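Shown next, in structure tokens, is the structure this report addresses.
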Amino acid sequence: MTVVDIVKRTTSSPDDTALVKTLADAGYSTADVVALVAKTEGNGCVNDFSRTLADHTWDAVLPADAVTVFSGGTEGVLSPHASAFVGTDRPAAPEGALVAAVGRTASIPIADLGRAGQVRAVAARVRELCADAALEPGDVHLVLVKCPLLTTESISRCLADGVEPATRDTLRSMAMSRAASALGVAVALGEISEPDAAAALRGEADVWSSVASISSGAELDDCHILVLGNSPAAHGPLRAVHGVMRDAMDARTVLDLLDRVSADGGEVVQVLAKAEADPSGSIRGRRHTMLTDSDLSSTRHARAAVGGLLAGLVGDSAIYVSGGAEHQGPPGGGPVTVVYRVAS
């Protein structure tokens, strides 16, 4: 179990490491970082090399056992930024605190990506991390996963081995990898059963996790996992609450979370949310065009829409909004987690 604090800073480019100085100013160092979660200013799709640049830059700075989640796409009012989750033992509130557990899966075989093998790998690792942090499923407020995707090269290797990959479409592989990882989280936390997950992979079950936030990228071949939960046994500066937005306009869910933060005397530090274009093609009975825009991926539209809503409600544009919410909340919606600071 690691009690954590968050140090956040906006970035001027994907390779901006000014957060290192901000950490020092706050009395921390890079050695204290257990996870780095950032939004980079790329397109969030397969060829988003802003993630790769950020990953390459920070890999030389952070401890070897720290996990990184670089999510591309800062459309609309979203600000590129980085949040360092740091271990802390500073004096804190007397009861209950946010703790983190971080880890990685083994490399996901190309043939397993988007399939049951990936579900099992993520589920097993999430279970281990929850046990390490002494977190029950009800204590967990976010499971953030960065997972791999299929590239042209990896697809070719798979075919050369005589194995058909889950898809030959690199963009579709992003969604399939997110889906498998989300289902793994849901299985690990008892939100769904393994047969439910198998049915969902076949498109036969509409099941989802209320705390999974999954992003995929070409900069890794394993899954980086960050589990956040409130531990009644821990003392620390932060706590978290979470809810599930029913659609991209669901301000009520967010306002309810902010009311809970206020009732606890808290100050919002970070918001982490998933967003997607409603696959039905409509929102509350009105047609939307996010799925039929040939110029922009629907994930970019969704990030801009949900990012604007959340930034307006919270009063901060340096928030984490990730597009593509397959099995992460209901269709068209997505989980949202608010991390806040409490008085010591």
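Cβ coordinates are placed from backbone N, Cα and C, and glycine is handled just like the others.
What Swiss-Prot records for the substrate site is Ser71, Gly72, Arg178, Ser215, Ser216, Arg303, Ser322, Gly323, and among Arg51, Arg157, Arg239, Arg284 the residue it adds there is Arg51. It is 14 Å from the Cα atom of Gln328 (Mg(2+) binding site) to that of Lys146 (active site).
With respect to their backbone Cα atoms, Pro330 (Mg(2+) binding site) and Thr299 (site 'Important for substrate specificity') stand 16 Å from each other.
The Cβ of Gly329 (Mg(2+) binding site) has 28 neighbouring Cβ atoms from other residues within 10 Å, across all protein chains displayed.
Rounded to a whole number, the C-alpha distance linking Glu276 (Mg(2+) binding site) with Thr299 (site 'Important for substrate specificity') is 6 angstrom. Counted within 10 Å of its Cβ, the other Cβ atoms near Thr299 (site 'Important for substrate specificity') come to 25, all protein chains included.
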